[in-house]
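**Student:** Structure incoming, see below.
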Amino acid sequence: MSDRLTLLRPDDWHIHLRDGAVLPHTVGDVARTFARAIIMPNLVPPVRTANEAGAYRERILAARPAGSRFEPLMVLYLTDNISPEDIRAAKASGFVYAAKLYPAGATTNSDSGVTSIDNIFPAIEAMAEVGMPLLVHGEVTRSEIDVFDREKRFIDEHMRRVVERFPTLKVVFEHITTSDAAQFVTEAPANVGATITAQHLLYNRNHMLVGGIRPHFYCLPILKRNTHQVALLDAATSGNPKFFLGTDSAPHARHAKEAACGCAGCYTAYAAIEMYAEAFEQRNALDKLEGFASLHGPAFYGLPANTDTITLVREEWTAPESLPFGEQTVVPLRAGEKLRWRLLEKNA
């Protein structure tokens with residue numbers, strides 16, 4: 001088994017960079033590995049127009065490390081009031097690549113999200129017409145639905161209907177967490193894809209709950225049982241081009257995670273490709289990592305794959321206990337733990 005793994009440079013098709021003073025830290029971490037990333041729009045206030053997306057993009061570009069060519073791919077936040085004209089203007093901008101459906105209340109800063117999918121059907125129709133993908137946080141949010149069942153219920157109540165009603169629309173079922181979602185995407189038409197996070201490949205709910213609550217494993221959609229983890233590993237390592245890398249790296253300051261009511265999100269951008277390599281190695285599927293990380297996503301979005309490469313070496317290193325996050329700190333996933341793969345820096 002080789003101790004070096006060279007891949008075409010990957011992209012991250014789902015990441016949260018936040019805003020303001022933290023951007024130099026979050027942008028630096030993602031730019032270390034990835035050439036491009038789909039930037040989540042759930043700021044406060046959210047990114048709802050092409051102009052707001054353009055302003056956020058400029059702040060991200062200004063935060064890039066010296067010499068970095070990292071490219072942020074911007075996303076609109078869908079609300080009940082978004083119009084087809086907003087969609088067309090975003091497409092015409094040249095820098096907005098998708099629009100995001102957050103069911104109201106589903107996750108961090110989703111209070112402005114969609115209260116009924118029917119409300120945005122005119123906007124979705126415009127997206128299908130102009131070729132803009134719909135990115136979906138696929139969970140129902142009604143309080144009577146168990147948190148572990150919300151993804152499956154979303155498929156049954158909404159996802160099938162959207163895919164059937166808009167047969168030409170590209171749809172990304174984001175951060176899937178269940179065997180139900182993996183099966184749905186596998187059986188859906190070619191215009192339906194999915195991202196999978198590193199944490200959902202490496203962990204299940206036992207890691208979060210057994211022996212004490214581990215808040216840094218808490219994310220939404222929540223970690224599920226082992227059988228779902230196995231199904232996600234099957235999908236990610238299958239070579240099926242419908243499945244591609246999306247970290248959903250989502251930083252929160254330490255005090256916001258280690259709290260009586262902690263925030264949802266795992267910070268993985270600092271070592272994401274290293275974690276994916278561990279997951280694929282568990283399946284003896286390192287030969288499938290380049291497709292998942294570097295080829296399937298660009299193909300789905302109709303973009304060229306990157307031409308430069310990265311190299312991972314099999315070398316243990318210890319993840320930092322914390323990382324700078326503006327004036328605060330963020331505790332990354334795997335803090336203080338050993339990782340088995342290390343990204344070889346260009347000057348190494």
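Note: Cβ is positioned from N, Cα and C throughout, glycine not excepted.
Keep in mind the model is a prediction, meaning the values are calculated, not measured.
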**Student:** Write down the one residue from ALA31, ALA231, ALA264 that Swiss-Prot lists together with HIS16, LEU17, ARG18, ASN42, HIS137, LEU220, HIS252 as binding substrate.
**Tutor:** ALA264
**Student:** For the Zn(2+) 2 site that Swiss-Prot assigns to LYS100, HIS137, which of the candidates HIS158, HIS175 is also assigned?
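**Tutor:** Record source Swiss-Prot; matching candidate: HIS175.
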**Student:** Which single residue out of ASP248, ASP287, ASP308 does Swiss-Prot record at the Zn(2+) 1 site shared with HIS14, HIS16, LYS100?
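**Tutor:** Swiss-Prot names ASP248 for this Zn(2+) 1 site.
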**Student:** With H, G and I counted as helix, E and B as strand and the rest as coil, say where DSSP puts HIS252 (substrate binding site).
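**Tutor:** It is coil.
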**Student:** Distance check, please: Cα of ASN42 (substrate binding site) against Cα of HIS14 (Zn(2+) 1 binding site), rounded to an integer number of angstrom.
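**Tutor:** It is 12 Å, counting Cα to Cα.
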**Student:** In angstrom units, rounded to an integer, how far apart are the Cα atoms of ASP248 (active site) and HIS175 (Zn(2+) 2 binding site)?
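**Tutor:** With the alpha carbons as reference points, the distance is 7 Å.
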**Student:** Within 10 Å of the Cβ of LEU220 (substrate binding site), how many other Cβ atoms are there?
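**Tutor:** There are 20 of them.
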**Student:** Validating a neighbour-count step here. Other CB atoms within 10 A of the CB of LYS100 (Zn(2+) 1 binding site): how many?
**Tutor:** 26
